[in-house]
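TrEMBL annotations:
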{"type": "TRANSMEM", "residues": "34-52", "note": "transmembrane segment"}
{"type": "TRANSMEM", "residues": "72-94", "note": "transmembrane segment"}
{"type": "TRANSMEM", "residues": "115-141", "note": "transmembrane segment"}
{"type": "TRANSMEM", "residues": "153-173", "note": "transmembrane segment"}
{"type": "DOMAIN", "residues": "158-243", "note": "domain 'CAAX prenyl protease 2/Lysostaphin resistance protein A-like'"}
{"type": "TRANSMEM", "residues": "185-203", "note": "transmembrane segment"}
{"type": "TRANSMEM", "residues": "209-226", "note": "transmembrane segment"}
{"type": "TRANSMEM", "residues": "257-282", "note": "transmembrane segment"}
{"type": "TRANSMEM", "residues": "302-327", "note": "transmembrane segment"}
Amino acid sequence: MYEILRHEINSIKRVYSYMEETDKQIAQKTMKKAFSRIGWAMTALIAVTYATQFGLSRLMKYYIPQFLNNEVFWWILATIPLYIFGLGVLLLAVRGMPAAKMTEGKDLTAPQIGALTCITLALSVAGGIATLILNGILGLIKGSPVADPSSTIENMSIIPTFLVVGIIAPVVEEYIFRGILIDKLRAYGEAICVFASAFLFSLLHGNSYQLISTFIIGAVLAYVTVKTNTIVYAILIHMSNNILAIIAARITTTQNVFGAAVFSVFTMALIIAGFVFFGLSIKRISLDNGRNSISVWERLRVFILSPGVMVYTIINLLLIVFSIFFVS
């Protein structure tokens, strides 16, 4: 009798174990499908963006060649293909994807926004140091220094630079990476939201000089977004950092030694404050990953290895390699 009872209990355990395994497999497939769709949507975004840029440049070359050297044209080429056509395709590609219900987020005060801006600046500087090391190694492999595409900002007119880099770019980029993507990924936990947003954001920039810093910035902004449930704070922080970068690029090319010295001291104070704020707040960092039979690391693995994300990653890595070895 005891043996029969034990056999029945073991049979029931095997059934439950099988059901749990089946549920886990179903959850993984659902997750993989969602992640892959995000990856394909981002792949479509870059494909349409580059195709539109190529088409516009060809049209200008044949019909208005004198316009090719106009700065306005290059700003149009840098913004409209991505911010209108690319964004439009992304919205179509993710339309219908379920979004998690938003809960009440935490409101931030002005001092907190300022502290987060300092933290973002400080961590991006740390990323910049890592970037210099990376590009130094890549330069040795290449046999010549790796070109920094963002350095062209120094030669651009201040007003369009401020409008595009300081205002428009933060709004659109935060809407894409901290708005749309987090909205669609929130159901899979905050860790996925932060990593996926930062990972896809950094790759989109397509060059080795921005790869590390944009990942760090993207992670901070994604964390702020999942905790506040709004992209407003991320936009403000992003704007502040971009505007500081514009001023830094401008002031280093002027003959105003005193002004450059004052700005350098001011920036250094912000960076030091950022590291202090980060050190004080690091223990309070937490990510809610929900109740899920699949571990966070397994979710991250499924994300990275989903077909759409893999294609997006490979394309952007190839673009980065091209920018390193074939752009001077």
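The backbone N, Cα and C atoms fix where each Cβ goes, glycine too.
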Helix, strand and coil residues within the domain 'CAAX prenyl protease 2/Lysostaphin resistance protein A-like' (158-243) as assigned by DSSP: 76 helix, 0 strand, 10 coil
PLDDT averaged over the residues of the domain 'CAAX prenyl protease 2/Lysostaphin resistance protein A-like' (158-243): 94
Beyond the flanks of the transmembrane segment (34-52) by at least 6 residues, Cβ under 8 Å: 80-82, 85-87, 89-90, 93-94, 97, 176, 181, 184-185, 188, 196, 200, 204, 302-303, 306-313, 315-316
Cβ contacts the transmembrane segment (72-94)/the transmembrane segment (209-226), at least three under 8 Å, sequence gap 6 or more: no
Positions whose Cβ lies under 8 angstroms from the transmembrane segment (209-226), at least six residues beyond its ends: 108, 116, 119-120, 123-124, 126-128, 130-131, 134-135, 146, 148-150, 174, 177-179, 182, 186, 190, 193-195, 197-199, 201-203, 233-234, 237-238, 241, 285, 287, 320
Non-local residues, at least 6 beyond the ends, that sit with Cβ under 8 Å of the transmembrane segment (185-203): 31, 34-35, 38, 42, 98-100, 173, 177-178, 210-212, 214-219, 221-223, 225-226, 287-290, 292, 296, 299-300, 303, 309, 312-313, 316-317, 320
